[in-house]
Ligand SMILES: Nc1ncnc2c1ncn2[C@@H]1O[C@H](COP(=O)(O)OP(=O)(O)O)[C@@H](O)[C@H]1O
Ligand SMILES: [Mg+2]
């Protein structure tokens, strides 16, 4: 890289989020950059452009960048990335820096990277078996558990290991076993990012840690076996294939590994030679199973694995004989499966596994039958259809008789009773109970929600069974112990935003807001700790938290309160909820209305904006099973339906209230009314609150899973999706927070080494003295150095008037405000230049001295050299002066010559131009002359034609007049004889009338001829007018040309009078032509007047005809023709008049 200004930066890119570039300079508004262009997204790297296929020069607006500064790349002098396993070591820590560091490591097969205490796990989509071997597991346990004593001081043991999930699990175990504090690992990420796998990896490692420093020597206990194997069991019932992940968990879970902390003495004197903190059991809490997936799933997706497993099972008839020969397609809730293998194993094989594992947690014989039959009932319910009852659309009856009969048999319920439960709804008022029929659609919906409820209850029942089998309270040391150490693992859905976001998404995002709040708090605490350790004032840290969003959701007038309020209203409505929520939270900066959907609203979550559609919010939040259906369930012989439809607990043993509340069989409990039953959200909020309370008592560690590409391919990293996830996972927020005060940091030793040349020790002396400890002296040196180097950036706060802190020197590191380190980096080379020159000077002097010092001869020679040098300089100076003088004289001469040549060339050029224009003007005029002759001829011809037509018309009118008179006379003469001879006269009259008709026809024809003659005349007139306009325009342009020529000819004294004369002549000709045309126009005007007059005469004739002719139709026809002619004549006159002013 050449000049001082050039630096390796990142610039924004619409397609690839951030791309590397070289900044070559900038003005106030733009930075100028050279951008290397790569083959594809994958090949874009921080490599100084060495892999680029070409370069492009560009400029970028500075306003698009934080404080107008382009983020710098973390590269060496040649522009090659300096990757770090811990991103806190990156000199420039920003979004782009994180992205390219992760990309580099991902490409090198290193899925884990650290940002302080957070592990970022990029899903590799390929198994690197070598990083999960027993040897690797033991190495982490050894370094981070058995050999690590935090109280003994020393460096960070993580410096000796690469970032890994094992690092988090080891530190958790150390924290619990030797720190005595409960721990938790919070794993988050979007679906398919690798959360569940990460939890499994961590769990397996913790299980191996607790075996002691010589892991592998101990036999695995049945408890451990159960704990580890219970995971796939939950997956069979709670996981499904989605487009994002073949084995996606559709519920959230918090697994608590329980540890026996040993005796009091052991706790006080922990030995690192053996494990005294051993696994005693585990408990699992499940959150928000996705119920909708039971009745519907998208294309390319599946419902829960267990359905496919049962249908594929070899021994399925054991559970229900009617399953014999059934296929997926026969069940509406299942349908054609897009795959029948999950993680390389067939559904049938998975089923065998599921049954074995169920056996391990004690679900055998009757219990196994109960569970499987409950699942089969759900399957069968999907096939129940309804139709209008007896032609009444408001009532319904079951139309799938066979399926329904089979279902009733399976549930052990009378068909009539169940049909009524499905097709009618019991309503209760204070005084009476009555039934309302349901239409087929509502009956089907009721059946589906019944199926969903049964499935989710069966799932919770299974969770309780697993907990019963694994919980330390019940299983460890015969249930004699109650207090255990905890390492909790949270595998929970990440932040979600789809095209349409429903109630479930709000619940999920609410959970993420809660976790984010904790995350921010924890990160803040760790930053606080670091600053304290470095001795940096704490008041420098400020950060944004998400309390306003949490307030909006769970506050007094928040969304939750509003929705619950709406749910207890007798006719609660989704839209009313939205209206009230918007009105009550007008001041919230996080809530906004959806202008295109009145039932919609939006929330600014910490991870981004989400638009929610409140349709179904009220019903989803109530979700109380209608009393009819819960009564039907209670009648079933299946225990899950009969006893567990209202049990929300995830455990049986520590919730005595829930157990006591369980109704006994035969005495079904009525479903609670909405007024008293807690809403779904209220329950969920309670569940979350207890989770948060539980987490609060632990020391939390975070693993953020990232899905690097959508097609789930190895090696590939797509920038935009990765960055979005980093933002959602709070990684960027964590970095921002940890660097909010001082975004950049550097070890003091590096500061001293890198920027020493920018330190003027005399002006800025260090307070460090030789007798000080090295780190303390270094701290003082750095303080003075940075005060000197950053002096150009020093400014005072306009409010307080005090100097603004732009850097802070801690005990081991220096912290820089935004832009400060960038300033140092860009001025470093400038400082180096000055020092290089200084060094060169010293070196040359030294060499010269060495040469000269010595003999007198040498000194004499030295004097000669100096004299020679001085004379040479003097002569050079004089010669230079002389040359300057000569240059001036010569320049003047050349200037004069050039001027003369220029004038001459100009004259010649002007002359040629005038000749040229004269010639073309002449040519133009000849053309106009010719055209004028032509037009005159045309006018003359038109005149002749018009006169001819006019005479003819006058003649015809005269003859028509005479004929009309004759007709009138005849009519008068013939009235009397006609009275005497009616028949004869009638005939004669008829003939007359026919004649009159002929006459009218003739007149019409004549009129038509006249009309066309008129049209022609009009067209000709138009032509004449156009020609005239052209002539006028030509005249004007000719005038302009003449004026130009005139101007030029004034400059030149000769050869212009002839042209002027000619111009005058043409002007005159033109004027006389215009006069002629005016006359012609007047003539046409007169003609039109005559035509009008003639038309009026014709009207008079027609009046007479009108008075005397008795045939009304005939009269009307004649009048019409007359009127037409008259209006035409008027139009002609008007046209003639309109044309006149232009002449
Ligand atoms: N550490 C890993 N190494 C290799 N592949 C992984 C790893 N983590 C996840 N995967 C792959 O990604 C898929 C999805 O992971 P999973 O943990 O189920 O995602 P999530 O629980 O976040 O939805 C797994 O089925 C596996 O193929
Ligand atoms: Mg999962």
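Glycine too: its Cβ is placed from the backbone N, Cα and C atoms.
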Checklist entry - Which residue range, 688-710, 711-733, 734-756, is the one TrEMBL calls region 'Actin-binding'? => result 688-710
Next on the checklist: Give me the count of other Cβ atoms within 10 A of the Cβ belonging to residue 195 (ATP binding site).
Outcome noted: 29
Checklist entry - By a Cβ-Cβ criterion of under 8 Å, what residues six or more beyond either terminus of the region 'Actin-binding' (688-710) are in contact with it? => result 102, 106, 117-123, 125, 165, 168, 171-172, 175, 179, 181-190, 192-195, 198, 202, 244, 254, 256, 285, 287, 486, 488, 490, 510-511, 514, 518-519, 522, 716-718, 721-722, 725-726, 729-731
Checklist outcome for this item: Students should find that the Cβ of residue 193 (ATP binding site) has, within 10 Å, a number of other Cβ atoms equal to 24
Checklist entry - Within 10 Å of the Cβ of residue 190 (ATP binding site), how many other Cβ atoms are there? => result 21
Item to check | Segment-level pLDDT (mean, integer) for the domain 'Myosin motor' (82-829) | outcome: 88
Item to check | Residues in the region 'Actin-binding' (688-710) grouped by DSSP into helix, strand and remaining coil | outcome: 9 helix, 8 strand, 6 coil
Checklist entry - Looking at the binding-site residues 191, 196, which one has the fewest other Cβ atoms within 10 Å of its own Cβ? => result 191
Checklist outcome for this item: Among the binding-site residues 189, 192, 194, the one whose Cβ has the most other Cβ atoms within 10 Å is 189
Checklist entry - What three-state secondary structure does DSSP assign to residue 190 (ATP binding site)? => result coil
Next on the checklist: Given 191, 194, 195 as the binding-site residues, which ones have a Cβ positioned under 6 Å from some atom of ligand 2?
Outcome noted: 195
Checklist entry - Any idea what DSSP makes of residue 195 (ATP binding site), helix, strand or coil? => result helix
Next on the checklist: Quick check: with 189, 190, 191, 192, 193, 194, 195, 196 left out, which same-chain residues have Cβ atoms within 8 Å of the centroid of the ATP site Cβ atoms?
Outcome noted: 123, 245, 494, 705, 707
